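Noted in TrEMBL for the protein shown:
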TRANSMEM  6-26  transmembrane segment
TRANSMEM  33-55  transmembrane segment
TRANSMEM  61-84  transmembrane segment
TRANSMEM  132-150  transmembrane segment
TRANSMEM  181-200  transmembrane segment
TRANSMEM  215-239  transmembrane segment
TRANSMEM  259-276  transmembrane segment
Amino acid sequence: MFLEELVASALRMMVPILLTAIGAVFTERAGVVNIGLEGMMIVGSFWGAVGSYYFGPYVGLLIAMIAGGMLALVHAIATVTFRIDQVVSGVALNILAYGSSRFLCQTFFSMATTTPHVAGLPKIRIPLLGDTSFIIILALLLVPFSTFVLNQTVFGLRLRSVGENPWAADTLGINVFKMKYAGVLISGILAGLAGAYLSLEHTGMYVEGMTQGKGFIALAAMIFGNWTPQGALWASLLFGFTESLSFRVVESGAIPYQFIKMIPYVLTLIVLSGVVRKSTPPAADGIPYEKETK
């Protein structure tokens, strides 16, 4: 019973990390580093709750994905069109997301850090998981779908070529800017969906700080998975299992709460320190592209 509950909890904890990590695969395969995924999760969690409060959970999901995509569009304009440093742009977006969510929460609900309880996602019965959201199944199905798109479709091959050598891709007639924009937008939409999952499925409301750095953990999962969706799945499951186990230990009261909450982040540092040197990112990842003039 304990093991079944642990596995079910780990799968639930995995979902927001996996969705965001798959989005990170797309943007980095296009050669754009997106540190702003955390901020896109924040706006997704906030606007998902707002949309659900006024219009219902399905509209909340849609609004959350649009919000994440809009923030990603800002990142794409800044980094692809104007070639602003990608890390700086991402950090700025994280700050913007945090501040704007607090301001808008106060504006809409007269509460700075939380929204009222909102309608959650309808439940479906899944073996082992019990009554849960369909987004878990969606997240798992996205892994083979994303793998197919990246490796077997014209879109995926063009996206990967842009991340490896955008100048060579340009000579072949590929619209480099279009592909980079597409990769960044996909990452924002999926991060927004991940944020909505947190507010609609985990808590039933938006709570300031509820993402708890999961956007950064998703980046670590993407790197640990060697920039592939299937690798991101196993890495996300590892982080989900660790977070679930930490909750179980907290409930036992055997170890101070603060130490237990450190575990996912310490694991992130350990994974990055041991994996980054062995991983192979896209050759042009993080390198600004400027079209050569003839």
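Note that Cβ sites are derived from N, Cα and C of the backbone, with glycine treated the same way.
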For the transmembrane segment (181-200), the candidate among 6-26, 132-150, 215-239 having the most Cβ pairs under 8 Å is 6-26
Open item on the list: Would you say the transmembrane segment (61-84) and the transmembrane segment (215-239) are touching, if the rule is that at least three C-beta pairs must lie under 8 angstroms and be 6 or more residues apart?
Closed with: no
Among 33-55, 61-84, 132-150, the most Cβ pairs under 8 Å with the transmembrane segment (6-26) come from 132-150
